[in-house]
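J.: Attaching a single structure in structure tokens format; questions to follow.
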Amino acid sequence: METTKTQFESMAEMIKKLPQHTCSSLKGRITLYKYQDFWGLQNNIEGAILAQQSFKARPDDVFLCSYPKSGTTWLKALAYAIVTREKFDEFTSPLLTNIPHNCIPYIEKDLKKIVENQNNSCFTPMATHMPYHVLPKSILALNCKMVYIYRNIKDVIVSFYHFGREITKLPLEDAPFEEAFDEFYHGISQFGPYWDHLLGYWKASLERPEVILFLKYEDVKKDPTSNVKRLAEFIGYPFTFEEEKEGVIESIIKLCSFENLSNLEVNKSGNSKGFLPIENRLYFRKAKDGDWKNYFTDEMTEKIDKLIDEKLSATGLVLK
């Protein structure tokens, strides 16, 4: 479904009337708008509206869902390697020459590519950062499978801070972390508030565990083999005994490792299209747990711990 210039202009006018916040932490270079209870860039909201209006899911579709900077790139790489392993191995995979975001498109960003894949009977999972309550109705109506990856909120905040600073070309001295923390703490962040995003999918997973798999980033890092097997089985591509014996799982883990992907030429020097041109290297910063300790003051730690306890204490979900 093509979107006309008039439709885009109409959406742009509507978005301008929404509640908005100009990010002080990024020196006013980014403005977020609030639509259906989440904050997003103008193109995020345009993409969400178009997906809601025109995306038609199929019963066997699989969606990789996440809040930004929570392990999305890694999850995409793993899922893509799993579903294409009959065609490609660690020496021929398109992941060697494409950033994972080009292999698995976002429904709110690459709708045209997704429709082309559907028309060509090309199956790959799709991805989204959209909150659960904003998803196109067909995804929920057809009980499409979803995999949600989440991460320690403190590391998410630090990763988000650096990503925003880098894409807006702000040096460290001009982008105080304290301001970024404060905005995030008050729920003002892309696709946020973070806890609403997380809890939307979590509560849905409790109601429909057969269609929503929750993966904790730190757990996948600690035990990649078991979690890659869980992922493959859940999305309908389980490993055979022969594959396990031949080391296919280990090959996929190695192919998709941070060490491997971050050192590929495409991910060191390539660029991705978006609201702002984004260097692929920015998707591969550190991938380390606990980097937040280098940024958080004791007061910040206490504030965020108290906030998360208030938001999650009765849910059974653990972030630490």
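The backbone N, Cα and C atoms fix where each Cβ goes, glycine too.
Positions annotated as active site, proton acceptor by Swiss-Prot: His129. What Swiss-Prot lists as 3'-phosphoadenylyl sulfate binding site is Lys69, Ser70, Gly71, Thr72, Thr73, Trp74, Arg151, Ser159, Tyr217, Arg285, Lys286, Ala287.
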J.: In sequence order, what residues of the same chain, 6+ apart, have a Cβ less than 8 Å from the Cβ of His129 (active site, proton acceptor)?
T.: Asn44, Cys65, Ser66, Tyr67, Pro68, Thr72, Tyr106, Glu108, Gln190, Phe191
J.: Are there any residues at least 6 positions away along the chain from Gly71 (3'-phosphoadenylyl sulfate binding site) with a Cβ closer than 8 Å to its Cβ? List them or say none.
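T.: Spatial neighbours, sequence-distant, of Gly71 (3'-phosphoadenylyl sulfate binding site): Ile149, Tyr150, Arg151, Leu215, Tyr217, Val220.
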J.: Excluding near sequence neighbours, so keeping only residues 6 or more apart in the same chain, what lies with its CB under 8 A of Lys69 (3'-phosphoadenylyl sulfate binding site)?
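T.: In sequence order, Arg151, Val156, Ser159, Phe160, Phe163 meet the Cβ cut-off.
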J.: Counting across all protein chains shown, how many other Cβ atoms sit within 10 Å of the Cβ of Tyr217 (3'-phosphoadenylyl sulfate binding site)?
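T.: Other Cβ atoms within 10 Å of Tyr217 (3'-phosphoadenylyl sulfate binding site): 22.
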